[in-house]
Amino acid sequence: MTDTTSKTRAGFAAIIGAPNAGKSTLVNRMVGAKVSIVTQKVQTTRFPVRGVAIEGDTQIVLVDTPGIFSPRRRLDRAMVRAAWAGSEEAEATVHLVDVQAELASRADKATPGEYRSAQDVQTIIEGLKAADRKVILALNKIDGIKRDTLLAVAKDFFDTGVYSDVFMISASTGAGVEDLTAKLVSMMPEGPWLYPEDQTADLPARLLAAEITREKVYLRVHEELPYAATVETTAFEERKDGSVRIEQTILVEREGQRVIVIGKGGQTLKWIGQASREELCDILDRKVHLFLHVKVKENWAEERGLFSDIGLDFDV
């Protein structure tokens, strides 16, 4: 870790936005390594994940926050509160907007998901107005959209009075991300780096392992399984030969969901385990022995222990 303060900069930048706006993809892109899980499901990020990006002598700690939406369940309320809290504590905040969903909503051609996304964007704008805050706007998913159209949308957003700067980016291809990163660099205060140079994320290994497996669950059964599953790492043992033994339990709410996760002849669970094990071997840079179990626990999302494990407030 660097210990000089004369030339180095370091600080926090929060990425907020509606579910599925592309926040995790953007953080992974800026860090240059996998920090947050990315699936076709919205609301896959359940707690703020810190990714560490380095640009020259500047270290930016990127806080990938849960999507901000209209919450119903206790877990949803805790996720939204965590998102706003992550933004309030940062030196810079980027509001990431799915411009494809915004345009579809304006043209009355939106899918239900796109319509909800546009509504959630307005909820965020109202929250920023109430807090009297100005943040950076990043219009994401600009691929294939005419520049004149993008400029018109950007003006509409800028006129709300809550944005200091506007960037047009594609988190998936990297277009425009360099300019956004340069802006964040300029906003970081002088000071020593907050993390070692080779650290890309602030996430305990047990929790990282659970997140990787949860991603594989949703990638495999995203159409059949609603947001009724979580993964707990019940054992994480570093062995003398340098390998690690990990035991995890996939919790679902109903027996029918357990059957889906296991699959015919156990093939779905086998795929999840193999995909998760391969990625964990790559991330941890060691051999991984992964053992998965699937358990029905009807009210897992209402357990206080789950909230404390992932840093969320149970009493919301």
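For all residues, glycine too, the Cβ spot is worked out from N, Cα and C.
Listed ranges 4-7, 56-59, 140-143, 276-279; the one Swiss-Prot annotates as region 'G4' is 140-143. Among the ranges 64-67, 240-243, the one that Swiss-Prot lists as region 'G3' is 64-67.
The stretch that Swiss-Prot tags with region 'G1', taken from the ranges 17-24, 105-112, 113-120, 297-304, is 17-24. DSSP assigns I142 (GTP binding site) to coil in the three-state reduction, placing it in neither a helix nor a strand. In the predicted model, residues of the domain 'KH type-2' (221-298) average a pLDDT of 87.
Following the DSSP three-state reduction, the secondary structure of N20 (GTP binding site) is coil.
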